[in-house]
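Undergrad: First the structure, then my questions, so here it is.
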Amino acid sequence: MLKLRSYPHFQEDNMSRFERQIILTGFGIEGQTKLRNSSILLIGAGGLGCPILLYLAAAGVGKIGVVDGDSVAVSNLNRQVLFGEKDLGKNKAEAAVRQFYEKYSGIKWEVYPEFIGVENAQELLSGYDLIIDGSDNFPTRYLVNDACVLLGKPLVFGAIYQHEGQVSVFNYGQNACNYRDVYPQMPAASEVPNCSETGVLGVLPGIIGNLMALEAIKVLSGYGKPLVNRMLFFNSLSSQTYEVEISPNPQSREAIPASLTSFELMDYELACEGVKQLTWDQAMSKMGMDIAFVDVREPGEMPPLECTGLMKIPLSVLGDQLLKLEDFEEILFFCQSGIRSQKAAQQLQNEYPEKRIYSIKGGINALKTN
């Protein structure tokens, strides 16, 4: 059972806005009061996070925290429906929450304009009843899952890939599954491309995000049957749904750090066979040093980037030009979105494990929003 707090900033006369929920058989004042006295932390204010925020705020959740260190880019606007052109370049968590201050004054909002990591996860998650993972990468998903298991926090999970989405509730109740029970083997961070590589119809994250919001309401209010030990799949091309039962796997628990101290020593990017990632600010601080700064985009990709010492080696021919990088001890790769640069860095890391190799997080797209 969730231990709910009281958030007295909701006035009783504001309960009238939730009348249509309250008159539902089995929901009632009790369900609405549970929502009012509950709190959620959303990881990621992107395509999944935007509809989650819209509907949980409208439903009357008492406290909502939003974690995201990313900035709004023009390519986000087809699916991240809280943002407009005026938000380009702004932090997503801050821009998202700004939309709600006047509309839903009774909610206590907390904004964390940063990425979640092992160094801040415990502090971020501890103050919330329910965690919702709207992230778009495997290192973050495993990190959030493990933190929730160690802290005893229920987790609503959702993800999309091209035309398919999936939703489940993890770590809720006795003998409940967690993310590792479904995906015990960490994939390489570069194995599964993101939306900028494969594309997505904007409506799909809207559908999956709404399903995640529904699961959150069920967990917080005790209304309905949450997707515990079940995973729901939705295919947007066929409009078909199907459900798969999942079971706890004792062996998967062995991969979760044994304690919060061990958790804070984990490197989830490396654990996912990924590579160290740097922001553009971190990369620029290294300019002028004896490093290789490599653009792995194909010729003609825009916008061009020119700087002293820049090397242009497309990923498609990197294997044939490794000798150009042999004399460098430190190598930084970048591309358009950060996916190909991870592949390049992984390829070189396999050839030269002793070198310090990095991928620039978000690629040129991140540079354009800075």
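Quick reminder: no glycine exception, Cβ is built from N, Cα and C everywhere.
All TrEMBL annotations are machine predictions without curation.
Small disclaimer: the values here were computed from a predicted structure and weren't measured.
TrEMBL lists 290-369 with the feature domain 'Rhodanese'. What TrEMBL lists as transmembrane segment is 40-58.
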Undergrad: Report the DSSP secondary-structure composition of the domain 'Rhodanese' (290-369) as helix, strand and coil residue counts.
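TA: Output for the domain 'Rhodanese' (290-369) reads 30 helix, 17 strand, 33 coil.
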Undergrad: Can you check how the pLDDT averages out over the domain 'Rhodanese' (290-369)?
TA: 86
